[in-house]
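Trainee: This structure is in structure tokens; I'll ask about it shortly.
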Amino acid sequence: MLPVVALVGRPNVGKSTLFNRLTRTRDALVADFPGLTRDRKYGQANYDGFQFIVIDTAGVHGEEVGIDAEMAAQSMRAIDEADVVLFMVDAREGVTAADQNIADHLRRINKTAFVVANKIDGIDADAARADFYELGLGEVHGIAAAHGRGVEQLLKTCFTPLLEDYPDILVQAPKEATVITHDKDGNVIDADGAILDADGQIIGQVSDHAEAAIDYDSLPLKLAIVGRPNVGKSTLTNRILGEERVVVYDLPGTTRDSIYIPMERDGREYILIDTAGVRRRGRIDEIVEKFSVIKTLQAIEDANVVIVVIDARETVSDQDLNLIGFAINAGRSIVIAVNKWDGLDQDHRDEIKRELDRRLGFVDFARVHFISALHGSGVGNLFESVLEAYASATARVGAAKLTRILEAAVDDHQPPLVGGRRVKLKYAHAGGYNPPRVIIHGNQVDSLPGSYKRYLTNYFRKSLGVMGTPIKVEFRESVNPYAGKKNQLTLSQQRKRRRLMKHLKRS
């Protein structure tokens, strides 16, 4: 689970600038829901080895009325959602009454907060920071969000105390493709576990890596049901669990808001992650479903398979696409459920299917089901696709098979020439599961165009029959495992060399 960081402060202190810098390595804006979260923007940040969910809030100045007052209240609620608050102030303007009000609120609720003095570029940073110690929130961190100055040190200070509770906060860097050992026959084993012979050809794969030893079939399948408000998530959850089911499980160690519900279906154990909260059937129609972006993003991160529920009567919205995109970026398997299909005439259904084909082209590997959660039609078929997607995500594939697929792909469509030389792709092997990762080794792979990388990804997907899960293809520049090693001559070669040297000396 990823921690949540809220950016709060007065208007124009640089919150959005810092938000954009923190989220620059991914599709930064995950959700901006007008009328629901109103002013808050949610994104997944991946910066300097740390990953976390970040909230950008509207500015608070303490004199809000009308709609501004509601927006200020929303900003205060973002503080409650967060694990860490970055309280941003303007180093050029000094302490204001609004800064004091926000600081007083943070002290009252005893929230982990860091004072961040922005815009220190071009001024005496130490003198500017000194003014803000009167806020009584401890150390003041100076940054220049527009240029990135001080941001790295700020994140280290914030997140080092959280490493024990949030181990996922650290981004796992890919291993370098360097030689690490040899097997008993003298063959090289590279950092990814591929076994190479003397010619550099892959002849096997070590199987004692921790991930390869996981028996995914014996683990409960974590299934998250996500979607916009009032698309029928709670109705679908209650339909799956049984209409009169009342939630009694709230397992320790889970997220603050999502409910983790153990269940069993056809002999298979599941953990259903409900982001809306399961309510008694009689209350579903009485209460407008509250949507929490934070709950949804954390549920996606923690799930194996995600069911994205779409309202057939509203077709596909940008919010739906954002949720699907977040699940893909997180490497989660996806099943799409188009709810409220009952009662639509055929013309309307045909129009919706055309819209789905047009807008969901980027997720064509996911199964689409047309269901009625209220009446139960089509709900049972969802689990066939859930199991199919999970099986695809966790299936073991040997290095020999992956290399054969790579060779077939290259035979069908040769890599392009780079600087007059053909890019050479040597071998492929599995780099991980859930989601499946394929590691391709070769020469000049950094020069491969994006179009050819997409071709290889689609070729592997089709050849492996992967359905319902994204597949990640990574490229590694091959190294010569015998580089720097002196060639040892045999005895006969040494004698021949001595005779040759004597002959050369005489002449």
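Even glycines carry a Cβ here, placed using N, Cα and C.
Okay, so TrEMBL annotates it like this:
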- 9-16, 56-60, 118-121: GTP 1 binding site (BINDING)
- 227-234, 274-278, 339-342: GTP 2 binding site (BINDING)
- 3-166: domain 'EngA-type G' (DOMAIN)
- 221-394: domain 'EngA-type G' (DOMAIN)
Trainee: State the count of C-beta atoms found within 10 angstroms of the C-beta of Gly227 (GTP 2 binding site), not counting that atom itself.
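Mentor: Step by step: centre on the Cβ of Gly227 (GTP 2 binding site), count other Cβ atoms within 10 Å, giving 26.
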Trainee: Determine the Cβ neighbour count for Gly9 (GTP 1 binding site): the number of other Cβ atoms within 10 Å of its Cβ.
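Mentor: The answer is 26.
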Trainee: Note down the number of other Cβ atoms within 10 Å of the Cβ of Asn230 (GTP 2 binding site), including every protein chain shown.
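Mentor: The answer is 14 other Cβ atoms.
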Trainee: Please give me the CB contact count at 10 A for Thr275 (GTP 2 binding site), counting all chains in the structure.
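Mentor: Excluding its own Cβ, the number within 10 Å is 26.
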Trainee: Between the Cα atoms of Ile120 (GTP 1 binding site) and Trp341 (GTP 2 binding site), what distance do you get, rounded to the nearest Å?
Mentor: 56
Trainee: Need one number: mean pLDDT over the domain 'EngA-type G' (221-394).
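Mentor: Mean pLDDT across the domain 'EngA-type G' (221-394) comes out at 78.
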Trainee: Near Trp341 (GTP 2 binding site), how many other Cβ atoms are within 10 Å of its Cβ?
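Mentor: I count 20 other Cβ atoms within 10 Å of it.
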Trainee: By CA distance, which of the binding-site residues (Gly9, Asn12, Lys15, Val60) lies nearest to Gly227 (GTP 2 binding site)?
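Mentor: Comparing Cα positions, the candidate nearest Gly227 (GTP 2 binding site) turns out to be Lys15.
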Trainee: Roughly how many Å separate the Cα of Asn230 (GTP 2 binding site) from that of Gly9 (GTP 1 binding site), to the nearest whole number?
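Mentor: Cα-Cα distance, Asn230 (GTP 2 binding site) to Gly9 (GTP 1 binding site): 32 Å.
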Trainee: Which of the binding-site residues Lys233, Thr275, Trp341 has its Cα closest in space to the Cα of Lys15 (GTP 1 binding site)?
Mentor: Thr275
Trainee: Give me the CA-CA distance between Trp341 (GTP 2 binding site) and Val60 (GTP 1 binding site), in Å, as a whole number.
Mentor: 43
Trainee: Please identify which of Asn12, Thr57 has the densest Cβ environment, defined as other Cβ atoms within 10 Å, among these binding-site residues.
Mentor: Thr57
Trainee: Across all chains shown, how many C-beta atoms besides its own are within 10 angstroms of the C-beta of Val60 (GTP 1 binding site)?
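Mentor: Its Cβ shell of radius 10 Å holds 23 other Cβ atoms.
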Trainee: Tell me the Cα distance separating Thr57 (GTP 1 binding site) from Lys233 (GTP 2 binding site), rounded to the nearest angstrom.
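Mentor: Taking the Cα atoms only, Lys233 (GTP 2 binding site) lies 27 Å from Thr57 (GTP 1 binding site).
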